[in-house]
Amino acid sequence: MTASRDIACRVRGFGAYTPVDVLTNFDLEKFVETTDEWITTRTGIKQRHRLAEGQNASDAATEAARLALADAGMEPGEITHVINATCTPDYLCPNTACLVEAKLGIMGAMAFDFNAACSGYVYGLSMARAIVAAQPDARVLLTATEALTRRLNWADRTTCVLFGDGAGASVITADGEGALLEDVLCASDGNLGGLLTIGGGTHTPYAKGDPVGEDFFVQMNGRDVFKHAVRNMAAISQDVLARNGLTTDDVALLIPHQANLRIIEAVGDRLGVPAERVFVNLHEFGNTSAASVPLAIADARAKGVLRPGMRVLLATFGGGFTWGAALLHF
Ligand code: ACO
């Protein structure tokens with residue numbers, strides 16, 4: 001249990017961005033051996049958004065950040081830290097947070113990326129809380145952005161139908177108005193990392209001119225990921241509730257990682273949260289990895305599903321494996 005739990009931590013602004021280009025299941029039918037019926041019944045996904053040529057994860061993050069800053073009533077120059085979650089950065093170096101910082105016209109803030117795959121935003125809340133605990137005047141911009149469609153093997157129907165691009169952002173401070181971060185809990189199991197991989201790192205020593213192999217793209221053992229996702233998202237949600245003396249009866253809305261409707265339903269069942277208290281928008285966006293939870297928060301607010309006074313439980317799971325849960329009181 002960390003000391004930073006005792007420090008007030010406010011999530012003051014939320015923003016989300018998805019690219020204009022939409023790829024429906026029917027669009028996919030034209031070049032992937034699949035059907036709208038298969039994708040809909042197995043995953044719940046109907047469409048996903050795709051970054052335009054020349055548009056990158058940093059651009060999506062910058063758009064989301066602008067909206068989050070406006071929502072918080074803050075200027076970019078007030079930000080002291082930019083922390084960015086992604087597993088599909090623009091480059092291995094420079095980091096995407098520095099690119100976002102430059103695009104926002106911020107100078108001198110501490111800026112770095114971290115990779116917790118789909119758990120990135122919840123991991124980011126944990127880091128932001130630690131930063132404001134150590135430095136109470138910190139103004140942390142947390143972005144979570146993905147360009148997953150750039151790392152899909154369109155010849156692999158078991159993965160390419162699942163993912164989309166997008167970004168979400170929040171501003172976190174120790175003071176001010178905003179959702180209270182009541183608690184956040186993160187976990188991992190590196191022994192299972194091989195079940196969900198995206199290449200492009202230095203593990204494969206490519207020489208100039210070499211064609212990329214299948215390892216360059218998203219590769220996943222879907223069935224195993226499914227089982228671990230359900231088990232761990234439910235367990236860590238129960239843990240974060242229990243250590244705060246709460247049950248799911250105290251939660252107005254569950255916002256889970258938007259990977260697969262069947263995973264979401266199974267997590268809701270295990271936690272005993274009825275479907276009307278579980279937010280789902282994956283039919284519109286597919287799995288946007290780190291961006292999925294902040295995108296869902298912004299969407300739930302915009303749709304009036306998430307309202308002031310509500311306690312929200314966030315639950316997530318991703319490659320690594322990583323997983324986490326957080327309690328936000330709006
Ligand atoms: N279109 C048509 N048929 C397909 C497709 C497709 N897109 N993909 C697979 N199939 C076929 C398979 O080839 C297989 O055919 P076969 O029986 O002739 O061999 C059949 O459908 C069943 O395949 P399964 O893999 O068993 O299908 P399953 O019901 O397990 O669903 C899925 C696959 C959707 C990937 C599921 O396992 C899943 O959602 N897993 C979790 C994935 C996930 O959420 N990952 C992300 C979490 S972590 C993160 O976000 C990074």
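For all residues, glycine too, the Cβ spot is worked out from N, Cα and C.
In TrEMBL this protein carries:
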ACT_SITE  Cys118  active site
ACT_SITE  His257  active site
ACT_SITE  Asn287  active site
DOMAIN    112-189  domain 'Beta-ketoacyl-[acyl-carrier-protein] synthase III N-terminal'
DOMAIN    241-329  domain 'Beta-ketoacyl-[acyl-carrier-protein] synthase III C-terminal'
REGION    258-262  region 'ACP-binding'
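Within the region 'ACP-binding' (258-262), the DSSP-based counts of helix, strand and coil residues read 2 helix, 0 strand, 3 coil.
DSSP states for the domain 'Beta-ketoacyl-[acyl-carrier-protein] synthase III N-terminal' (112-189), grouped as helix (H, G, I), strand (E, B) and coil, give 26 helix, 30 strand, 22 coil. Its Cβ placed at the centre, His257 (active site) has 30 other Cβ atoms within 10 Å.
Every protein chain shown contributes to the tally, and the Cβ of Asn287 (active site) ends up with 26 other Cβ atoms within 10 Å. Across the domain 'Beta-ketoacyl-[acyl-carrier-protein] synthase III N-terminal' (112-189), mean pLDDT in this model comes to 97. The CA atom of His257 (active site) is located 8 Å away from the CA atom of Asn287 (active site). Within its own chain, Cys118 (active site) has His257, Ala259, Asn287, Ser289, Ala290, Ser292, Thr316, Phe317, Gly318, Gly319, Thr322 as residues 6 or more apart in sequence whose C-beta sits under 8 angstroms from its own.
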